[in-house]
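For reference, TrEMBL has these:
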- Lys40: active site, proton acceptor (ACT_SITE)
- Tyr267: active site, proton acceptor (ACT_SITE)
- Arg140, Met314: substrate binding site (BINDING)
- 246-371: domain 'Alanine racemase C-terminal' (DOMAIN)
- Lys40: N6-(pyridoxal phosphate)lysine (MOD_RES)
Amino acid sequence: MVVSNHRPTRVVVDLAAIKANVQQEVQKQQGKRDVFAVVKANGYGHGAVPVAKAALAGGAAGFCVATLDEGIALRENGLTAPILVMGIVEVAWLPLILQYDLAIPVATNLWIEEARAFYQEHQLTGDIAVHVTFDTGMGRIGFQTVEEVLAAMQQLDQTAGFFVEGLFTHFATADDVDFTYFERQNERFKQVINQLPYRPRYVHGSNSAATMWHEDQGNLIRLGIGMYGYNPSGSALTNPYPLQPALSLESALVQVKQVPAGEGIGYGKTYETTVTEWIGTVPIGYADGYVRRMQGFKVLVEGQVCEIVGRVCMDQLMVRLPKAFPVGTKVTLIGKNQGNEITLQEVADYLGTIHYEVICLLSDRIPRDYLNSEGILT
């Protein structure tokens with residue numbers, strides 16, 4: 001997708017906030033656990049490479065990504081810290097795993113058999129780090145019983161070219177007010193840990209939510225949404241310590257006009273002026289990930305709340321203004337503006353979804369600008 005640099009719409013990412021959030025987690029662990037920064041999905045929409053560098057500055061020991069290509073992108077941008085690909089990787093890509101020095105998950109016996117055959121057939125050299133995945137109740141990927149996990153580890157130990165670097169699970173309800181299911185999953189994870197013939201380098205289950213509200217069984221934290229400054233539970237649970245939100249979404253008024261009563265605004269004429277109104281146009285739309293359902297929500301102009309009127313278009317939206325603002329006046333869609341604020345959680349609540357989805361929807365058409373530790377755009 002072409003990045004639209006020549007319009008005022010921007011995602012602004014505060015790298016100092018990223019660094020501070022990671023630093024806080026690292027200090028909390030007191031050297032007992034490493035922290036891996038989760039930078040999948042383009043760093044949750046913030047920009048994977050700048051976020052990864054800020055996380056390293058905050059003390060992160062490595063990274064988690066979802067796909068092989070995300071790991072390769074980090075390596076090609078000069079990042080040398082350990083990288084764990086969390087999603088299943090086809091055995092055909094084992095040469096790339098070796099080339100880029102990535103760790104990958106193992107979730108089935110079939111994968112082990114196919115990987116062994118591929119490694120031998122293609123006469124690969126070098127050791128591939130794998131993390132055995134235990135599905136304790138997420139229902140996504142992983143072995144389903146303690147016996148299967150132990151057997152897989154034994155099988156991998158006897159397979160040339162592979163070594164078990166880690167064992168992990170993922171919790172489905174770590175951010176829920178009811179801890180019952182989490183405790184059930186955690187108990188299953190404890191069972192396999194207690195029966196391990198040896199302890200891999202990394203044993204991990206804690207994501208942001210688990211490290212905030214639960215005891216930890218492992219020696220590695222996968223810090224995701226918390227690194228970006230957001231409460232994993234939305235607002236269901238209270239943060240045990242403060243986080244600094246890193247993302248703002250900003251644009252500007254590109255046209256301001258006075259519209260008489262009785263005129264329609266936007267496709268389908270879903271909004272009609274009832275009196276003479278000032279209407280401003282903002283160059284952001286659903287092609288940018290700011291979806292049509294945002295009609296009726298708000299933006300901030302000079303600290304004042306202005307309603308989005310009419311349907312959000314593909315590339316633009318319209319807002320009702322309290323007065324005539326100059327063209328070029330800043331519009332804040334997420335973030336602070338002259339003492340007022342629209343939080344990411346407010347946007348998610350309005351859409352009936354989670355904040356993860358909102359930031360991941362922000363398309364690559366929107367440029368990402370970065371604030372350094374001095375608050376200067378870079």
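Placed from the backbone N, Cα and C atoms, the Cβ positions cover glycine too.
Heads up, TrEMBL stuff is auto-annotated, nobody curated it.
Owing to the predicted nature of the structure, the values given are computational and were not obtained by experimental measurement.
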Around the C-beta of Lys40 (active site, proton acceptor), how many further C-beta atoms are within 10 angstroms, looking at every protein chain? 19
Far apart in sequence but close in space: which same-chain residues, 6 or more away, have a Cβ under 8 Å from Tyr267 (active site, proton acceptor)? Gly310, Arg311, Cys313
May I ask which residues of the same chain, at least 6 positions away in sequence, place their Cβ under 8 angstroms from the Cβ of Arg140 (substrate binding site)? His170
Whole-number answer please: how many Å between the C-alpha atoms of Met314 (substrate binding site) and Lys40 (active site, proton acceptor)? 26
Averaged across the domain 'Alanine racemase C-terminal' (246-371), what pLDDT does the model get? Just tell me the whole number, please. 98
Which number gives the other C-beta atoms within 10 angstroms of the C-beta of Met314 (substrate binding site), all protein chains shown included? 11
